[in-house]
Amino acid sequence: MAKIIVLCCLIILSAFGSVNAQKIGFYELHKGNISLKFTNWGAAIVSVILPDRNGKLADVALGFDSIQEYETNKRNFGAVVGRVANRIKGAQFTLNGTVYKLIVNDGTNNTIHGGPQGFAHVIWNVTAHSNVGHTPYIVFTYHSIDGDQGFPGDLLVTVRYALIGHNLFSITMKAVALNKPTPVNLAQHAYWNLGGHDSGDILSNVIQIFGSQITALDSELIPTGKFEPVKGTPYDFLEPRPIKSKINGLAKGYDINYVLDGGVGNKLKRVAVVHDPKSGRVLELSASAPGVQFFTANSLNMTGKGGFGYKPHAALCLETQAFPNSVNQPNFPSTIVSPGKPYEHNMLFKFSTN
């Protein structure tokens, strides 16, 4: 069975051709009141246009107007990050007795989001795109070669975005190791502001996160391997409350991995609910990953779409993923993908108003 899977992937890869065969462009999906735009640079979400409680439309995802800005900026707006999302301590890991050294791009010692030329900073192929029927969708594919950013083995990755029902948006990420075991941890790095990308900060948004624990961090924001309860701490969002309610108890803001209460497994579990009181927009997120990185764009300072200035806390990120640095923490769920043992990560976004 493993040989059949690998053979099928090689046939598909041959049919799609080189990952650099396509030009960089924008692509759209529409269904009902929802309109989304994407680019194959980083398989990124460029915009998500939704109505508020009064029917007024706004773009709730931070991003850029031009392809050139996506190519030159390293903020990962809306991109798929990998081969391994988040941080790897010491920019290295050991797998089956071999030490793999990665490219440092986080501080002076660590790797973040797959390295400087990770999946957010490459051209993906658009291998399927339909804007008709009950389920508009688009599929991006990328072939990461053996040694890419220091990671072992060839990896074939697909990401499918789809509008699957009334105000429902799904993301399916899959990866197949073609010849060697390798760590895989893909995440979607959208920056959300339910009031509109140009509406200011998200500190008044009310959020609930279905995670009773966090992975404790060292001074470099990398998990130590220990778990800590959130109850009674600034990380406690077990009940809905405004983001600003306890953010002053932190140095800059939120940038932490929550251990989701649904446990490890491929079934969807509740991740978070975000409500913007002013617009009435609500985002409900479910995912199959064991964790979610909650990030409040603490050092953001740049010009985005429409020339609007994005400042600190202009958005929030909910990056469902495996626990950071899992490849160096044997007590964390494994992120190793082998030939014949594919990777899959599912997300479901439900949008509404109240």
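Glycine is treated like the rest: Cβ placed from N, Cα and C.
Listed features, source TrEMBL:
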type	residues	note
SIGNAL	1-21	signal peptide
BINDING	Asn86, Arg87, His189, Ala190, Tyr191, Asp255	beta-D-galactose binding site
ACT_SITE	His189	active site, proton donor
ACT_SITE	Glu319	active site, proton acceptor
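For Glu319 (active site, proton acceptor), the same-chain residues that are 6 or more apart in sequence and have a Cβ closer than 8 Å to its Cβ are Val81, Ala85, Asn86, Ala187, Gln188, His189, Val292, Gln293, Phe295. Residues Asn86, Arg87, His189, Ala190, Tyr191, Asp255 are the ones the record ties to beta-D-galactose, and the longest Cα gap between any two of them is 19 Å. Asn86 (beta-D-galactose binding site) has a Cβ environment of 26 other Cβ atoms inside 10 Å. Just so you know, the Cβ of Tyr191 (beta-D-galactose binding site) picks up 25 other Cβ atoms within 10 Å once every protein chain is counted.
Listed in sequence order, the residues of the same chain lying 6 or more apart from Arg87 (beta-D-galactose binding site) and placing their CB within less than 8 Å of its CB are Asp106, Asn110, Thr111, Ile112, Glu220, Leu221, Ile222, Pro324, Asn325.
For His189 (beta-D-galactose binding site), the Cβ neighbour count at a 10 Å cut-off comes to 23, with all displayed protein chains included.
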